[in-house]
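Colleague: Before I ask anything, here is the structure I am working with.
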Amino acid sequence: MPNSAQTQLNHTLTLRIIELSILTLASSLVIRPLFVDLSDIFLWSAVVNLILTSVFYFVVRAHIVPKWEITLSLIVALIIIMPTLAISGGVNSQVAYFLPLYPILAALIGGARESIAITIILVICTLSATVFGHLLTDLTEEVYSAEKSFDRGFWLTAAIIFSAFFGHFFLRKYAELTTKLNEENTQDPLTGLLNRRGLNIYFSIELKKSLFTSSPLSLILIDVDYFKKVNDMFGHDIGDICLIEVGQLLKRNLRNQDIIARFGGEEFIIILPNTSKDGAALIAENLRNLVSKETFSDFNLPLTITLGVTEYEKHNDNALNMTKRADKALYRGKENGRNRVELSK
Ligand SMILES: Nc1nc2c(ncn2[C@@H]2O[C@H](COP(=O)(O)OP(=O)(O)OP(=O)(O)O)[C@@H](O)[C@H]2O)c(=O)[nH]1
């Protein structure tokens, strides 16, 4: 997922979590006094928490701390829960049941770092509440034996750690899945090269880099000559093999930084970072020469390519204009007899 989409999703999830906290606090403030006789400090702490959470909600909504909003929202949630826990029986409190949810929530809306940080904080708090439980003021006036408190503390810690592992496992699966999806979305299934979608992603990155660093950037558009004849005479399957082999030959003879994609049909496109039009013309000539000397498929078919070359003009230029210029040059190459390199005007 692109960064901006991930940021937007995280922001939305953070807002939903805070809304849920506000709803839970508000409803417990109204409902609990109907069933339990709570002391004033309990009610006041809930009111203060509700006000704090609402203020925080508007801070997040207004994007005031976009970089830290996830971490802050989790910390605020913990700050709200911890005092409630401390005055309602520590690890024996019903509020404690919510704690194991936090490492998963942190992994979902933040990532591995947030989840680990929250897990460490929670484990320290839970262990402290277990060991020093007898020092806590329990305003619900329930009585818990030390044995029961240790028992609960143990299981609570185990549940928090289990939840952290689950969050980690979820993140790994999510990363694997998104990588696979990205590959499937950006790869041409026949040649294994980038497809148009993949090309667009890398092309726009290279255009920005070139603008920022003032380094030249060139583009080569390539079309296999008389390819229809290959299909007509040897069949589509052999045509496919020829396309795969031409793609591999081109790719093998480029630098690591160069980007090659299947532009569609029997057309390929190459983006050459840090390369002027003259440099790109030399590369194009070398590729033309290599293809013309090679034979393709089990039928050892000779093939040639025609190439159109252009350079990024920086001002008032873009990917579409560059492709159009290269296409015009390519068309001239076809008109002038094919198996040629033509530069854009
Ligand atoms: N086997 C195979 N053929 C394809 C594929 N995509 C496009 N083609 C074929 O590529 C051929 C392109 O033909 P034309 O556009 O007429 O061009 P050409 O025969 O290469 O002639 P010039 O480009 O003018 O040199 C068509 O026969 C398409 O069917 C593919 O994925 N596999």
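Keep in mind that glycine also has a Cβ here, set from the backbone N, Cα and C atoms.
Annotations in TrEMBL come from automatic prediction, not curation.
Sharing the record's features from TrEMBL:
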DOMAIN    215-345  domain 'GGDEF'
TRANSMEM  12-35  transmembrane segment
TRANSMEM  41-60  transmembrane segment
TRANSMEM  72-89  transmembrane segment
TRANSMEM  95-111  transmembrane segment
TRANSMEM  116-133  transmembrane segment
TRANSMEM  153-171  transmembrane segment
Colleague: Applying the under-8 angstroms CB criterion, which one of 41-60, 72-89, 153-171 scores highest with the transmembrane segment (95-111)?
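Modeller: Out of the listed stretches, 153-171 contacts the transmembrane segment (95-111) most.
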Colleague: Using DSSP, what is the helix/strand/coil residue split across the domain 'GGDEF' (215-345)?
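Modeller: For the domain 'GGDEF' (215-345), the helix, strand and coil counts are 59 helix, 35 strand, 37 coil.
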